[in-house]
Amino acid sequence: MARKHFGTDGIRGRANAAITPELAMKVAQATGVLFQRGEQRHRAVIGKDTRLSGYMIEYAMVAGFTSVGMDVLLLGPMPTPAVAMLTPSMRADVGVMISASHNPYEDNGIKLFGPDGFKLSDEMEAEIEAKLDRDVALKLSKPADLGRAKRVEGAQARYIEFTKRTLTRSLSLEGLRIVIDCANGAGYKVAPEALWELGAEVFAIGTEPDGFNINRDVGSTAPAALVKKVHEVRADIGIALDGDADRVIIVDENGKVIDGDQLMAAIAAGWQEEGRLARPGIVATLMSNLGLERYLESIGLTLARTAVGDRHVLEHMRAHGYNLGGEQSGHIILSDYCTTGDGLVAALQVLALVKRLGKPVSQVCRRFDPVPQILKNVRVNAAQSLEQDHVKRVIEEGHRKLGKNGRLVIRPSGTEPVVRVMGEGDNRDLVETIVDDICEALNAATPLAAE
């Protein structure tokens, strides 16, 4: 059944247009009703990033939860993984993160976590969505049973201590010059503080949120500012988080950007040497580079691929017993510690590897040469276009031409009327020709507007 509100990662859209106070309140009411089982008092934990619209959505959700008798604990600006961690820690029934991740400030969203700290399943999101269209007035609490709301003191310190405990107590970051870019987002206080407490010399940028500048020319999707600062202070490493701090990219001492594929390769190799991999392999998505797969194979590890989205990666990890997975974009999931992607915790694992090996970041984190990869978007009606015979023939011909020396991934976007066409292979010119041919066929099918 097609869903009206929930997408690939919760609910996301334009603030005060798609994401209105009314919708936020209804989501909280529906979620509160769903999670109120048993006679004890129930509670929700709410965190947010630094967008201006976060205040509006936060208070609307407080009204929703308390109206159905659920108490609310307000964390303020906190990373998404901190909300996931604090939900079970505070014995809450549900956790909420108000964020649109790497999107600009005009957007916002709602991510929901269960009492175990994991994102809700598709089935539970469908239940919540079904309740949105029903009359929740039948479930409203009596005046004496309304919920209470309060700010939680010390939540940031608790998360900082959690991140530090992912490293051995004897490990210090003393001697490392680190630039941390917090994207003017949710990690702007906790990330620099955690690195400083671990002994590093810290230079922080993207730590002056004003409600409007989240992800603006900073963060993991805009690394130019980080590269500049690394050169300026002659840092050993640069670390960039996104707006809700659940993804990370690295910049080495030479100012070169290192993506999630390279980070997974480095951590996998390091954990393999230490005997820490739960299985001889990792989990990544269809979009991860073929070079990663070849590198892992060369050291005796496998790569299990899933559909795009950190949720799919985590589901496969849990189902098959992996403890390392992620996405090229920098979502790195370390399930020994976290129930979701955690940019800071992943960065700490890289830093621990750098300290253990005693080598520059460029040597520690560059494990393979990426295969040339080309990604283009075509604005079309995906359902109609991908079913047309001509489009199918062009795609099949592309697969035939690449053979074992490359890959094609053609998939509809989960959030907009776009088909994403990704091709990779050893012959860049051939890949580009194949991708262009597929885009041309899609545009000729049912074009909206080519990008």
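Backbone N, Cα and C atoms are what each Cβ position is placed from, and that goes for glycine too.
Among S89, S101, S385, only S101 appears in Swiss-Prot as part of the Mg(2+) site alongside D242, D244, D246. One way to see the shell of the Mg(2+) site is to take the Cβ centroid of S101, D242, D244, D246; the remaining same-chain residues with a Cβ within 8 Å of it are D49, P79, T80, S99, H102, G185, A186, L241, G243, A245, R247, G341, G343. Distance from the CA of S101 (active site, phosphoserine intermediate) to the CA of D246 (Mg(2+) binding site) is 8 Å. Cα to Cα, S101 (active site, phosphoserine intermediate) and D244 (Mg(2+) binding site) are separated by 5 Å.
Using a 10 Å Cβ-Cβ cutoff, S101 (active site, phosphoserine intermediate) registers 29 neighbours.
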